[in-house]
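Novice: Here's the feature list from TrEMBL:
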DOMAIN    224-469  domain 'CN hydrolase'
TRANSMEM  25-41  transmembrane segment
TRANSMEM  53-72  transmembrane segment
TRANSMEM  78-100  transmembrane segment
TRANSMEM  112-135  transmembrane segment
TRANSMEM  155-178  transmembrane segment
TRANSMEM  185-203  transmembrane segment
TRANSMEM  480-502  transmembrane segment
Amino acid sequence: MNLVLPILIATICAGIGYANPAVHFPAAALGFPLALGLVAFSARSPREALKRGWIVGSFACLACLYWLAYPVGVYGGISWFLAVPCPILMAMAVGGYYGLYTFVLNIAARKLHPFMLCIFSGLLWTTMEFAQGYFFTGFPWMTLSSAFSFWPESIQGAAFVGAYGLSGLLASITTGILTWKTSNLAKIWSVGILTAIVLLGVLRTQPETFSTLRSIGNATIGVVQGNIDQGSKWDSKYQIATLDKYIKLSKNFAVKPDLIVWPETAMPFQIQDPSDMRATLLNFSKDSGTPLLTGAPGYVLHPQSKSYSLYNRALLIDPHKTTLDWYEKSHLVPFGEYVPLKEYLPIDKLVQGIGDFIPGKDASPLQSGNLAMGILICYEGIFPELAQERVEKGANLLINISNDAWYGKTSAPFQHLGLVSLRAVEQGRYLIRGTNTGISACIDPLGNISDSTGLFVDAAILTTPELMTGMTFFSSNYELMTYGPLFLTLLFVIWIAIAHLVSGNKRKY
């Protein structure tokens, strides 16, 4: 098969299937695994499938990850000549996973009945997305299920099998389509999975949806979107103006909230140090009588070594307490918040900031009254295991604070919102998202997005999430639903490998 057709299908379908500000049609994203299946089933050898799958996957990734050039070119202090290759290199790196997918699928297609191939392709895709989130610090940005987040009815399966598992089911539908003519069972599989996804979307919107969950009441949350220019954010000349703007916007709420949320690093100064700005901030919280959750840098001194550790924190300022509580970001952005293997790599961070951060270790919820807040800073929200950890430790509300100003008016803020929405469905929790420049929103346990803001606008939204207890099927069976597919994939691979060694490339089906 000519490679042009799969490249066009994958690139166009990924471009419009994944969230973007221009034309977004989620179902088109299925064209991506469909194109990879075409490559896998038409390749004359596993090696050819690997090479072609890598090329097709890289083009599709570039259609979604083009925005990486923006933060590097605008805020990285390097020329666009060097910034433009960054998304190309990232796309090629992520594309390698899809090359491995087509490599294994090519071998499997020779040894498995089409019906079993449908099942295996879904397990293999699930395993691939898990690997994307695990290896090399993790970057599970292009999960297939996230493309459907803006159709909440279509992602209800995440409450049972997780986002990765739902992606696998979606990918398996395309395998059934490609083997439609050769197997009635493959037809039944594709139609059955699609029907199950649709029916589940309908049924979960009915009463008793949260039968395994329980609300202990609701809270009124005020979310402030400061819309602070990233280029001047860390300039000391603008620090007072930044603080004043957040305070002013926080006085616009029609009713007194139970909590005010400011975004990641909203305060570009060290709150723990005595200063006029710290005094102004604490006085605002005291005068308003409302707890405040804000992002800010923090540090710990090490007197013996005359050094310090810098953290990306979410600080809870409670007017009724004399001490501050905080959460420290545990999953940092490589080359954005720190440089991995810095002693071996002769490069600096690709974007501006105040230094290299250290990962935090404690994921316990921050407490304020009935609120038990599981905090996810920035792209921590794209990792299922981090939200799981917070709910296991007692969080009845998830809060994601972020600064997406880095990405400009690209697809990234929309894709980020779609990824984070899946955490609400997986965990059965409301998720409050507070960002610097958008998109801020409230997401309910069904994935419905409400009270959302626009990009690069000043905003102060008031939302009333319910505080949920209990667990979804996925969260209560997290290890089974996460590692079970990996184990089954391994069993399939062993069986296929043995069959391949015995009979070579000879087709059985």
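Backbone N, Cα and C atoms are what each Cβ position is placed from, and that goes for glycine too.
Describe the structural surroundings of these features, if you would.
Specialist: Sequence-remote contacts of a segment are chain residues at least 6 beyond its ends whose Cβ falls under 8 Å from one of its Cβ atoms, and for the transmembrane segment (25-41) they are 1, 3, 5-7, 9-10, 12-14, 16-18, 49, 52-53, 56-57, 60, 98, 101-103, 105-106, 109, 121, 125, 144, 147-151, 154, 170-171, 173-175, 177-178.
Under 8 Å from some Cβ of the transmembrane segment (53-72) lie the Cβ atoms of residues 3, 6-7, 10-15, 18, 32, 35-36, 39-40, 78, 80, 82-84, 86-88, 90-92, 94-103, 141-142, 336, 350-351, 406-408, 410-412, 415, all in the same chain and six or more residues away from its ends.
Within the same chain, residues 36, 50-62, 65-69, 72, 128, 131-132, 139, 141-142, 350 sit at least 6 positions outside the transmembrane segment (78-100) and bring their C-beta atoms closer than 8 Å to a C-beta of that stretch.
Listed by sequence, the residues of this chain that lie at least six past the ends of the transmembrane segment (155-178) yet keep a Cβ under 8 A from its Cβ atoms are 30, 33-34, 37-38, 41, 114, 117-119, 121-126, 129-130, 133, 140, 143-146, 148-149, 186-187, 189-191, 193-194, 196-197, 200-201, 204, 384, 421-422, 425-426, 428, 445-447, 472-474, 478, 481-482, 485.
Using a Cβ-Cβ cut-off under 8 Å and counting only residues 6 or more beyond its ends in the same chain, the transmembrane segment (185-203) has close neighbours at 113-115, 117-119, 152-157, 160, 169-170, 172-173, 175-177, 179.
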Novice: Under an 8 Å Cβ to Cβ limit, what residues of the same chain, 6 or more beyond the ends of the transmembrane segment (480-502), are close to it?
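Specialist: Contacts of the transmembrane segment (480-502) (Cβ under 8 Å, skipping residues fewer than 6 from its ends): 104, 107-108, 110-112, 120, 123-124, 126-127, 130, 160-162, 164-165, 168, 384-385, 473-474, 508.
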